[in-house]
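Copied over from TrEMBL:
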{"type": "COMPBIAS", "residues": "1052-1061", "note": "compositional bias 'Basic and acidic residues'"}
{"type": "COMPBIAS", "residues": "1087-1097", "note": "compositional bias 'Polar residues'"}
{"type": "COMPBIAS", "residues": "1191-1207", "note": "compositional bias 'Polar residues'"}
{"type": "COMPBIAS", "residues": "1244-1269", "note": "compositional bias 'Polar residues'"}
{"type": "COMPBIAS", "residues": "1277-1296", "note": "compositional bias 'Polar residues'"}
{"type": "COMPBIAS", "residues": "1313-1322", "note": "compositional bias 'Pro residues'"}
{"type": "DOMAIN", "residues": "52-147", "note": "domain 'Ig-like'"}
{"type": "DOMAIN", "residues": "152-238", "note": "domain 'Ig-like'"}
{"type": "DOMAIN", "residues": "243-336", "note": "domain 'Ig-like'"}
{"type": "DOMAIN", "residues": "341-426", "note": "domain 'Ig-like'"}
{"type": "DOMAIN", "residues": "441-535", "note": "domain 'Fibronectin type-III'"}
{"type": "DOMAIN", "residues": "541-631", "note": "domain 'Fibronectin type-III'"}
{"type": "DOMAIN", "residues": "636-731", "note": "domain 'Fibronectin type-III'"}
{"type": "DOMAIN", "residues": "741-831", "note": "domain 'Fibronectin type-III'"}
{"type": "DOMAIN", "residues": "856-952", "note": "domain 'Fibronectin type-III'"}
{"type": "DOMAIN", "residues": "957-1054", "note": "domain 'Fibronectin type-III'"}
{"type": "REGION", "residues": "1041-1097", "note": "region 'Disordered'"}
{"type": "REGION", "residues": "1138-1160", "note": "region 'Disordered'"}
{"type": "REGION", "residues": "1174-1326", "note": "region 'Disordered'"}
{"type": "SIGNAL", "residues": "1-33", "note": "signal peptide"}
{"type": "TRANSMEM", "residues": "1104-1128", "note": "transmembrane segment"}
Amino acid sequence: MAAEWGARRLLSTSSFWLYCLLLLGRRAPGAAAARSGSPPQSPGASIRTFTPFYFLVEPVDTLSVRGSSVILNCSAYSEPSPKIEWKKDGTFLNLVSDDRRQLLPDGSLFISNVVHSKHNKPDEGYYQCVATVESLGTIVSRTAKLTVAGLPRFISQPEPSSVYAGNSAILNCEVNADLVPFVRWEQNGQPLLLDDRVIKLPSGTLVISNVTERDGGLYRCIVESGGPPKYSDEAELKVLPDPEVTSNLVFLKQPSSLVRVIGQSAVLPCVASGLPAPAIRWMKNEEALDTESSERLVLLAGGSLEISDVTEDDAGTYFCIADNRNETIEAQAELTVQVQPEFLKQPTNIYAHESMDIVFECEVTGKPTPTVKWVKNGDMVIPSDYFKIVKEHNLQVLGLVKSDEGFYQCIAENDVGNAQAGAQLIILEHAPATAGPLPSAPRDVVASLVSTRFIKLTWRTPASDPHGDNLTYSVFYTKEGIARERVENTSHPGEMQVTIQNLMPATVYIFRVMAQNKHGSGESSAPLRVETQPEVQLPGPAPNIRAYATSPTSITVTWETPLSGNGEIQNYKLYYMEKGTDKEQDVDVSSHSYTVNGLKKYTEYSFRVVAYNKHGPGVSTQDVAVQTLSDVPSAAPQNLSLEVRNSKSIMIHWQPPPPATQNGPITGYKIRYRKASRKSDVTEILVTGTKLSQLVEGLDRGTEYNFRVAALTINGTGPATDWLSAETFESDLDETRVPEVPSSLHVRPLVTSIVVSWTPPENQNIVVRGYAIGYGIGSPHAQTIKVDYKQRYYTIENLDPSSHYVITLKAFNNVGEGIPLYESAVTRPHTDTSEVDLFVINAPYTPVPDPTPMMPPVGVQASILSHDTIRITWADNSLPKHQKITDSRYYTVRWKTNIPANTKYKNANATTLSYLVTGLKPNTLYEFSVMVTKGRRSSTWSMTAHGTTFELVPTSPPKDVTVVSKEGKPRTIIVNWQPPSEANGKITGYIIYYSTDVNAEIHDWVIEPVVGNRLTHQIQELTLDTPYYFKIQARNSKGMGPMSEAVQFRTPKADSSDKMPNDQASGSAGKGSRLPDLGSDYKPPMSGSNSPHGSPTSPLDSNMLLVIIVSVGVITIVVVVIIAVFCTRRTTSHQKKKRAACKSVNGSHKYKGNSKDVKPPDLWIHHERLELKPIDKSPDPNPIMTDTPIPRNSQDITPVDNSMDSNIHQRRNSYRGHESEDSMSTLAGRRGMRPKMMMPFDSQPPQQSVRNTPSTDTMPASSSQTCCTDHQDPEGATSSSYLASSQEEDSGQSLPTAHVRPSHPLKSFAVPAIPPPGPPTYDPALPSTPLLSQQALNHHIHSVKTASIGTLGRSRPPMPVVVPSAPEVQETTRMLEDSESSYEPDELTKEMAHLEGLMKDLNAITTA
């Protein structure tokens, strides 16, 4: 009894907690579904657990032969045992009445006596095992292919051949791929045993390496595939003795491109023949393969490469290189590795309730990328409104019903194979209510907002619980007439509104609301019938849009009338865009088809159609992609070059045509060549595949040949290159004998070394591989040194002084060493440091002339064409002036980048003075150099040229994206990231996307832009305890890159310290107003807000804020007017005092006032008859600048008066005023014109002299103040600001100047050397910048100033004159603000005299 009571209590507790989980956790579709774990239950109900149901063995692909028996294994596990059935090609097999096919006890399928003929293939096909358990469900196995080998048929048979002993031989026997395992060989009628020297290739071909006499005989291959054996023709293999002469290398069998599945073995055949016998070596992607130490790489007989247990890393390009020391040939092939589908994440079992939304997750990988389909209880799931494929592979089921229970399987399939994984869905009954009162039905359920795609519901609390603070609510809704009901839960207790998203327009929905408390769910409200708003009567998408290529330059698009026309269709607009570009073009169409012409050949385009009616454009169709047909290439191959190998062969190199001109896959190249003397006799060579070089042999000695190359596609031959010429050598070098004796040998002894120099043998027709130098005291055999054949001198080091050495020199090649040449020399003693020769025997020292090398190319330039292409050009000084190449020289271009540092050089040959380098990395600095080769002579590398490729949009997303919560601020998070690994340029910015729904369309995510130099960003005012998803996208000058994977982060739960300030509905929280928190799935219905968080400002708060702003503005205006009136009156009285002071200053007494009021003198002189003629005769002078002098203080603005007195007293220390401000705005608005500027000669501070050198006549450090200076002007530091602002506006232009020749060297404008008192201060309210630039303390800004000096009654346009540059900032500020300096009367009189003389000179210039 105790055990039973404990069990019941455990079941009751688990049911309660499951109910709580389902009740509180259902905030997003699928969120409340319980994954596999301990099974929940309801009190009094039977325990429902997940039933183990899976395949123990699944069928695999099988190869069989006609007449044999086949077993396809299948076994499934379940309790009770499942029923096994079989499908063939999607149809169930009736095994009851089938006498050849029967079901074995374990579920396997047995097929006896396989039937297969040309017209009857009943057993070949795709088989699938189906397991069913009544009342539980059905699962299906992977699909297995049964292949029946066809009738034996030889594609190629062995042919008679002869081979030299020691070489390799091949005998072809190619059959159907499915018959290769049944091929065997016979020699002279006896079965041939295979070993390390004799192998059979996967194609059936026989390879014999290191042939001996016993390998001769008659060979044939036999195919035994169940029926009578089929024999090929017999072929005799003759073994010839070694002739001991060389023969050219040829490939007997070349590797071909291969596709293998991971885990299989791959054999790349490569067999070559020649004398001497060649050695075979392999390279992969320009890296040598070590077949000796590798366990998976094996070199088979003849040189073929076998790779066992292939992995993805084995994919790449393989090069087979045959070398016999006389010649080297190579061939290449591509190995592609495919991977069967594999599950990275399998579906998991799910518990759920009716009306919920669930998601089965399924993540797969493979190569090629697998396709995914879903099966429920053995039947295909067809996507609909309630069954959706999300995130490419996941299955989402909306609004669960009881019939949705069962087994769901994710089936992944690609070209290699298929795989399946399944999970079970159990629909639980709602737990009955516990003891306690349940809430009544919510009251007054209404649709407060009805749109086309969403509805907002609101209600009141139930009558049973008027406060309702602890109630949660569930909104059930469904389409009218549909039994499948969905549910949406409120986001937190007490919330009485929900927005239902993703509805259909003009559709009737039925809503009901239920309240839940701690005891369970209460009564349901009465059904509410609501119809969504109809969308604007626009056409729907045009159905059945199709596009097909009609020619290499045209595509035809067809479609039908939209089903939901919503009015008469007026016309259609067809949009199309080339793949990889972002420029979409459109054309108006009135019918249901259109042919787009003028497209690029063999290029993919996307098309879409939009229908128009009287309301405007409708819904666009999905994009349809189609590729134009291929055509012959429209351009010739690039970078054709010729390399003379010897007297009878020339090697040709080229590059494919530019990608945009290939017009289809290049299938080969056509080479044509002819003798220059016989242009009508043309020979043609066809090169298949992607080979980019060809050795042309059998040419005549010393003969000039012309070559040209054309590219091929399946459509034909494209244009050929221009004819290129090369001349074979007159004779080949001989290496059948040793070299002759060197023509001379010279030695030059030093103290501890001897310099040896020589000249090569006179007979230049014998190959010299190098030179051997022997030396020793008394004998030349003590030491031997070998040097390269190009070397002509060598220094023997570490010898003994005053010793007699014998030296010998021999030339050598592969045959051996030639006749030696002897010399002897005595090294000098220690005491002898002279440079003369002491002792030379037999031959006096004569310098050896150096061979004349080729001159390297010059003027190498790199022209950037695109993000991956740079054109290299150069000049060759050894060519004539017209730079025309008439001989057989060719150029080698090499390039590399320093990132990473160990990058190797890449090389290419060219026969013109330019080369197009393609395939470069974007935004990368490359260095280039060129060398020239002519015959056997080559130059050194030229000077390097550098070029940086253009930028490209980022091709990888930002990496290492992390999200953390900010300490102390739970509503604020910090997003950190790193730049993309493939930025392809300077990152100018990032965009952070975040949302509470990871499946939402990207345009529904909230966007946060970030500048490019930032790698972190804060996001504020988020909702507490809510999961957010973040993506980041980088951009550069070329555009946006891909987005990063979504990163999930759940904000922390609220604590007592932050609930109050953060949860209040405030209109100023965060960045602007936000929508109310309506749940994690809420999406803002209006386009005016991008953020779903925060709260909007209420209308009352907005009105109050407006009243406050207006009140503050009015008070500010009143205060400003009062201050202006007061200052105006004070300034007027102050001016009168200053005028009186000016009269008293004309005496000879010194100033005795307070030193604080002392200012530099006002040097403005109004000369009535002095005027400057304008140099700049602009047709549109600025009238503001030429009418009157600008007032120097805003308080001194008076109406313009022609009297001299008023003009004098209008000039103050500042240019501020109505006229100056107008002129500033005028100049600022004219960017293209050079503004005319006014420079009053009394502007402070005094300017520096023209020559920045001290003068004996400069002003002293202490100066007196004149009466006409407004010493109370607080903005002295900004006097002359007018010119500086104009100068900044047009800083990039040089103004016209007039050079003035004064009688004195501008002594009145010399600046005394005053120590700087400190940093200057400026009034921030100034409308313009100071004249004296404050940007650099020690940098003189040379500016052009304009003097405007006119008569009283008229004004002229200002005349620009050259004045000295401004003094340093500290000095300027000192002169403007120094209150301690004063002028002595004598010095002031002298300065005034200097200025008066200057004015006379200026007047003389203008009147001349």
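Placement of Cβ uses the backbone N, Cα and C atoms for every residue, glycine included.
Just so you know, TrEMBL annotations are computer predictions that nobody has curated.
Here the domain 'Ig-like' (52-147) sits against the domain 'Ig-like' (341-426); at least 3 CB pairs are under 8 Å, leaving out pairs fewer than 6 apart in sequence. Count of Cβ pairs under 8 Å against the domain 'Fibronectin type-III' (636-731): among 152-238, 243-336, 957-1054, the largest is for 243-336. If you take every residue in the domain 'Ig-like' (243-336) and average the pLDDT, you get 87.
As a summary of secondary structure, the domain 'Fibronectin type-III' (636-731) carries 4 helix, 55 strand, 37 coil according to DSSP. In the domain 'Ig-like' (152-238), the DSSP tally of helix, strand and coil residues is 9 helix, 38 strand, 40 coil.
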